[in-house]
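*Asks:* Got a structure for you, written out below as structure tokens; questions coming shortly.
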Amino acid sequence: MLRRVGVLAALFLISTTAFLMLDPVGSWEFLLPFRLRRLAALMLTGVCLATATVLFQTISGNRILTPSVIGFDALYVMVLTGLVFVLGGAGYALLPTPVLFGFNLATMTGLGLLMFLLLTVGARHDMIKLVLTGIVTGILIRSLNDFLQRMIDPNEFQMVQASSFARFTHVDSGLLALTAAVSVPALILAWRMRFRLDVLALGREAATGLGETPNRGHRQALVLICVLVASATALAGPFGLFGLIVSSLTYLIAPSSRHAVVLPVAGLVACIVLVAGQTIMERILDMATPLQVVIDMLGGLVFLTLVLRGRVS
Amino acid sequence: MISIRGVSHSIGGGRILQDIDLELPRGGVTALIGPNGAGKSTLLSLVARLQKLKTGRIRVDDLEIGACPDATLARVLAIMPQSSVVSARLRVGEAVLMGRYPWHRGRPGRQDHEIVAQTLGLFSLTSLADRFLDEISGGQRQRTLVAMAHAQSTDYLLLDEPLNNLDIAASRHLMRLLREMADEGGKSVVIVLHDINYAAAFADRVVVMRSGRIVADGAPSTVISPALMTDVFATDARIHCVDGRPVVLV
């Protein structure tokens with residue numbers, strides 16, 4: 001157990017050092033703060049998404065679906081497409097970044113909560129139903145996006161496409177502070193839920209028997225998930241399978257399924273994957289591909305190696 | 001005492017329970033028996049607050065189901081969940097420690113660890129403490145779940161068909177443990193059973209249900225009769241008296 005934590009810590013140090021030090025361009029006085037800011041953004045979004053994914057998988061009792069898969073990413077693209085559709089490409093480009101960020105954060109949290117609310121009421125707290133309906137809702141939103149994107153100008157479509165993947169090439173320190181102000185309290189609340197999450201993970205019957213009302217716990221967790229995913233996505237863009245890769249790796253590596261262990265390990269894994277992915281994408285591949293491609297590739301390879309080596313504990 | 005007053009329940013227009021009145025005093029093992037669809041499990045799940053009580057009142061000691069906080073009730077009433085629904089990947093020791101949750105709220109102290117160690121010993125699980133729940137046999141898993149409920153240190157314990165998928169040795173062992181918990185631990189055990197012979201052998205009292213009503217209630221030797229078999233279970237199984245205890249010949 002200590003060895004695994006040691007390996008993780010070493011990987012974390014290597015990837016962050018590589019990100020900060022490798023391939024310096026220009027003076028260090030400029031480069032270090034610039035890279036540190038981006039490192040902070042990478043780590044913050046990584047921890048947010050990892051926590052949200054673990055929370056979601058715990059309360060839905062599955063390890064395959066993530067908030068991104070059931071339509072959160074599509075929601076972001078919908079807001080984006082909607083804005084470009086209404087304002088036009090030029091109008092969209094003129095929007096000040098903080099306004100855009102605030103709008104994204106608010107609409108995504110709002111729409112996410114609305115989606116969950118409708119699903120929870122419709123599914124009457126049946127998590128399987130919620131998840132299935134979520135997948136269908138995700139498809140619905142994606143089709144709507146396709147429809148809107150087909151109607152806009154090809155140049156504007158290009159613009160939507162460019163913003164539809166997570167990116168960290170430039171991070172505004174104001175936005176970073178805003179994201180931290182929203183997501184750090186949510187992260188603290190998630191951490192304080194860790195023991196209750198252990199009980200909720202036992203399933204509905206056992207949790208009720210132990211005095212932990214499942215419906216209330218699920219509601220609180222869903223609010224935290226919405227806030228965490230919305231703030232990470234509003235800062236950087238959609239992350240695709242990132243959450244799934246992180247959570248799967250975490251369950252393979254973490255020595256215990258208690259959330260007091262799983263949550264920090266997931267956060268650490270997310271930081272490593274994201275920082276290493278960004279370093280490889282920037283310094284080795286010279287930005288030739290979106291970050292998501294690197295992460296999916298890297299994460300997929302590590303995941304397969306772990307499974308095939310039989311490290312499933 | 002568990003007191004059930006005027007409880008009715010329907011699901012999707014179908015009447016599951018009709019006007020149930022039942023008093024279960026402290027102590028002993030009470031078995032709920034009856035044919036499939038009689039409403040035994042529904043009644044138990046209403047007491048366990050797994051389903052929302054719509055009509056009637058249920059009180060456990062002075063706690064009103066539906067009104068008192070879940071966390072308070074969890075220190076008085078334990079439910080043994082069906083093993084198929086416990087999804088988390090836990091070690092046996094962790095699971096039993098989880099049973100202490102209503103007391104330690106996630107921060108187990110020395111007393112909690114002592115009770116867990118005792119419980120593991122009592123249920124002969126000490127050597128399995130570090131094994132995962134999905135790596136042990138069905139009987140051992142069932143025993144772990146009872147141990148978890150035992151560690152919860154409640155006065156009442158509810159079990160819904162705990163003998164499902166257990167072989168005869170595991171079934172008898174489990175029932176003997178429950179008997180000991182009632183006799184020596186002073187717990188009140190309420191258990192839904194399918195096999196009448198197990199009810200006759202291990203319960204102090206059997207409550208027979210059919211079509212959402214209670215049709216018989218009393219000591220096994222007085223309740224289990226050929227008439228009960230034909231009237232309630234609609235089968236002509238014979239009943240013999242062996243060692244002063246009714247035995248249904250299947």
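From the backbone N, Cα and C atoms, a Cβ is placed for every residue, glycine too.
From TrEMBL, here are the annotated features:
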TRANSMEM  A:36-56  transmembrane segment
TRANSMEM  A:68-95  transmembrane segment
TRANSMEM  A:101-123  transmembrane segment
TRANSMEM  A:130-148  transmembrane segment
TRANSMEM  A:168-191  transmembrane segment
TRANSMEM  A:221-254  transmembrane segment
TRANSMEM  A:260-281  transmembrane segment
TRANSMEM  A:293-312  transmembrane segment
*Asks:* Hey, does the transmembrane segment (A:130-148) touch the transmembrane segment (A:260-281), meaning at least 3 C-beta pairs closer than 8 angstroms, sequence gap 6 or more?
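*Replies:* Contact criterion not met.
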*Asks:* Under a Cβ pair cut-off of under 8 Å, which of the recorded stretches A:68-95, A:130-148, A:168-191 contacts the transmembrane segment (A:36-56) most often?
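*Replies:* The listed stretch sharing the most Cβ pairs with the transmembrane segment (A:36-56) is A:168-191.
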*Asks:* Cβ pairs under 8 Å with the transmembrane segment (A:130-148): which stretch of A:68-95, A:168-191, A:221-254, A:293-312 has the most?
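*Replies:* When the Cβ pairs under 8 Å are tallied, A:68-95 comes out ahead.
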*Asks:* I need to check the long-range neighbours of the transmembrane segment (A:168-191): which residues 6 or more away from its ends have a CB within less than 8 Å of a CB in the stretch?
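*Replies:* Hits for the transmembrane segment (A:168-191): 37-38, 40-42, 44-45, 47-48, 51, 55, 97-98, 101-102, 105, 220-221, 224, 227-228, 231-232, 234-236, 263, 278, 287, 291.
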*Asks:* Do any residues, 6 or more residues outside the transmembrane segment (A:221-254), come within under 8 Å Cβ-to-Cβ of it, and if so which ones?
*Replies:* 4, 8, 41, 44-46, 48-59, 63-64, 66-69, 72-73, 76-77, 101, 104-105, 108-109, 112-113, 116, 120, 163-168, 171, 175-176, 179, 182-183, 186-187, 189-190, 193, 197, 200, 261-262, 265-266, 269-270, 273-274, 292, 295-296, 299-300, 302-303, 306-307, 311-313
